[in-house]
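Listed in Swiss-Prot for this protein:
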ACT_SITE  67  active site, proton acceptor
BINDING   68, 71, 73, 75, 77  Ca(2+) 1 binding site
BINDING   189  heme b binding site
BINDING   190, 236, 239, 244  Ca(2+) 2 binding site
DISULFID  36-111  disulfide bond
DISULFID  69-74  disulfide bond
DISULFID  117-312  disulfide bond
DISULFID  196-221  disulfide bond
């Protein structure tokens, strides 16, 4: 009986793995070449204009894609009003919805109900990085949009700014991403800003931090909880609006803003990867683009699954 049960379990796992593989295989760089040939150029024009107007928007759009993919897969669930948007890691900090809505409206005007919000998010992430001087990559397409979202999963599946190295490795591993992917994707913190409430404990209580850097950050982040919680500081103090490898050099100098940044270089298993990325921009770019493609393949809805939303913030009626 035990043998039969184990065989059945093994078969189920194989089937599940095969289904996941098929879903990823259904994504294609040429998915819209016939159905909406101007989709990518239309999205790019919207994203590039938005990032040129406000550099921080590039980081916000990249973060939207990350927070989408880590919660029930890359399915645009993060764009549905409420639910995931109300989760602790997202509330009061997610931005860029209007830019995605604008891109969606522009695409709908040329190809009605053809291009998914999930694909727009994936393309927007790539175009944001490029607009800030970072590397490009081929975005695989064909995702469909979910009809549900989960605040509970957003609270459990998204990494916290207080995460340890082991917690980060485990969190990413559960999404099919290895430790190198995790360190590379953390390099997205070469752009963007963080709220005081997410780095207060680090700048006042941690010892593995450059003292001058801590003092600089304390000037705009008071010690008392509730005072200046939403005040912002750049995640990369060196080149905050350029997508480069300076983030890793900052870690070598103990100038990581978040606890979850500095744990990447603190005598642990990720130290050598951080050193490599700090000294070799090409190695970082290669690892980052590889990891972005892998992240974009997390549990996509394809074929007849889900829907193509008419409005990214709500399911079709």
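Note that Cβ sites are derived from N, Cα and C of the backbone, with glycine treated the same way.
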Looking at the disulfide-bonded residues 74, 111, 196, 312, which sits with the largest number of other Cβ atoms within 10 Å of its Cβ?
74
Give the sequence-ordered set of same-chain residues, not counting 190, 236, 239, 244, with Cβ within 8 Å of the centre of the Cβ atoms defining the Ca(2+) 2 site.
191, 238, 240, 242, 243, 245, 246, 247
Excluding 68, 71, 73, 75, 77, please set out which residues of the same chain place their CB within 8 Å of the center of the CB atoms of the Ca(2+) 1 site, keeping sequence order.
69, 70, 72, 74, 76, 78, 84, 118, 146, 149, 299
Candidate recorded positions 73, 75, 111, 189, pick with smallest Cα gap to residue 312 (disulfide bond):
75
Near residue 73 (Ca(2+) 1 binding site), which residues of its own chain have a C-beta under 8 A away, given they sit six or more steps off in sequence?
146, 298, 299, 300, 301
Specify the count of other C-beta atoms within 10 Å of the C-beta of the residue listed as 'heme b binding site'.
24
What is the Cβ neighbour count of residue 68 (Ca(2+) 1 binding site) at a 10 Å cut-off, with all protein chains included?
29
For the C-alpha pair, I'd like the distance in angstrom between residue 239 (Ca(2+) 2 binding site) and the residue listed as 'heme b binding site', rounded off.
11
Spatially speaking, which of the recorded positions 67, 75, 117 is closest to residue 244 (Ca(2+) 2 binding site)? Use C-alpha to C-alpha, please.
67
Measure from the Cβ of residue 77 (Ca(2+) 1 binding site) and count the other Cβ atoms within 10 Å, all protein chains considered.
27
Out of 190, 239, which of the binding-site residues has the smallest number of neighbouring Cβ atoms within 10 Å?
239
In sequence order, what residues of the same chain, 6+ apart, have a Cβ less than 8 Å from the Cβ of residue 236 (Ca(2+) 2 binding site)?
189, 190, 191, 246, 247, 250
Could you list the residues of the same chain, at least six apart in sequence, whose Cβ is under 8 A from the Cβ of residue 117 (disulfide bond)?
76, 79, 100, 104, 145, 309, 312
